[in-house]
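The structure under discussion appears below in the form of structure tokens.
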Amino acid sequence: WIMGHMVNSIAQIDEFVNLGANSIETDVSFDKQANPEYTYHGIPCDCGRNCLKWEYFNDFVKGLRRATTPGDSKYREKLVLVVFDLKTGSLYDNQAYDAGTKLAKNLLQHYWNNGNNGGRAYIVLSIPNLNHYKLIAGFKDTLKNEGHEDLLGKVGHDFSGNDDIPDVEEAYKKAGVTGHVWQSDGITNCFPRTLKRVRLAIANRDSGNGIINKVYYWTVDKRSTTRDSLDAGVDGIMTNYPDVIADVLSESAYKNKYKIATYEDNPWETFKA
């Protein structure tokens, strides 16, 4: 999965897919009542990027729906996965459940079109704080209560705080999550970071008894780091330059080992070579 980083305006969806992304990451900020409000990152953000692009969350999600609904004039077949980077740092811990509820209602209406030919992309809910695990329950309970439990088949999870893997597993246990787990590792492109924790996450993924299904590394903008990540065995790379990742994937060392994921590739299944 080539994951376009910080895609927060509708125009950027096309921009990143045109560069080779089959997945995007979108920042979601919340208001004081735990409603998803804007797709917005703000300052500081990655070096070399405009941090200030934004939409109202509802508007972005409607644009995203069009980009991922077959038959729509804006449909982009290649875009199959969306990571919502949930900026829950502005919320109190006891608002996490509410945030999950409100996010689910919003996506149900504006993305899934109440289950009536909505967007088809797989969605990863990425939470920065392990203490906010109740957001997952709020989200799941709401879809069940609204009669759309089937849509949970399209939803996966990530804790993005670079916590120790056993602590992440513990949070999932509390949240009742047993699958659909992506594990991120990384740092802003302004600083280097070793692949040490990525390798631990990959070991968990491949152990057969860990909780992790997929591992992605962020934010990777250089060819050398891309190669190191692929050599380590990641499933996804988050980047400001999807064309760089696509270029490296076409090199002889990688083109027979990796393929760019399509809608037919299940993002919740651990890949066995």
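Note that the numbers count up from 1, one per residue, in the order the chain is shown.
Even glycines carry a Cβ here, placed using N, Cα and C.
For HIS5 (active site), the Cβ neighbour count at a 10 Å cut-off comes to 29, with all displayed protein chains included. The active site annotation in Swiss-Prot covers HIS5, and the record cites similarity to another entry as its basis.
Per Swiss-Prot, Mg(2+) binding site is recorded for GLU25, ASP27, ASP85, and the stated evidence type is similarity to another entry. Within the same chain, residues at least six positions away from ASP27 (Mg(2+) binding site) with a Cβ under 8 Å of its Cβ are MET6, ASN8, THR39, TYR40, HIS41, ASP85, LYS87. Under the three-state DSSP scheme, ASP27 (Mg(2+) binding site) falls in the strand class.
Here Swiss-Prot flags HIS41 as active site, nucleophile, drawing on similarity to another entry. HIS41 (active site, nucleophile) carries neither a helix nor a strand DSSP state and counts as coil. Within 10 Å of the C-beta of HIS41 (active site, nucleophile) we count 24 further C-beta atoms, all protein chains included.
Contacts of CYS51 (disulfide bond) defined by a Cβ separation under 8 A and a same-chain sequence distance of 6+ are given as MET6, HIS41, GLY42, ILE43, PRO44, CYS45, in order along the sequence. Here Swiss-Prot flags CYS45-CYS51 (among others) as disulfide bond.
Within the same chain, residues at least 6 positions away in sequence whose Cβ sits under 8 Å from that of CYS47 (disulfide bond) are THR188, ASN189, CYS190. The disulfide bond annotation in Swiss-Prot covers CYS47-CYS190 (among others) and is backed by similarity to another entry.
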**Message:** Rank the binding-site residues GLU25, ASP85 by how many other Cβ atoms lie within 10 Å of each Cβ and give me the one with the fewest.
**Reply:** ASP85
**Message:** Using a 10 Å cut-off on CB atoms, tell me which of the disulfide-bonded residues CYS45, CYS190 is the least crowded.
**Reply:** CYS190
**Prompt:** Secondary structure at HIS5 (active site) (DSSP, helix/strand/coil)?
**Reply:** coil
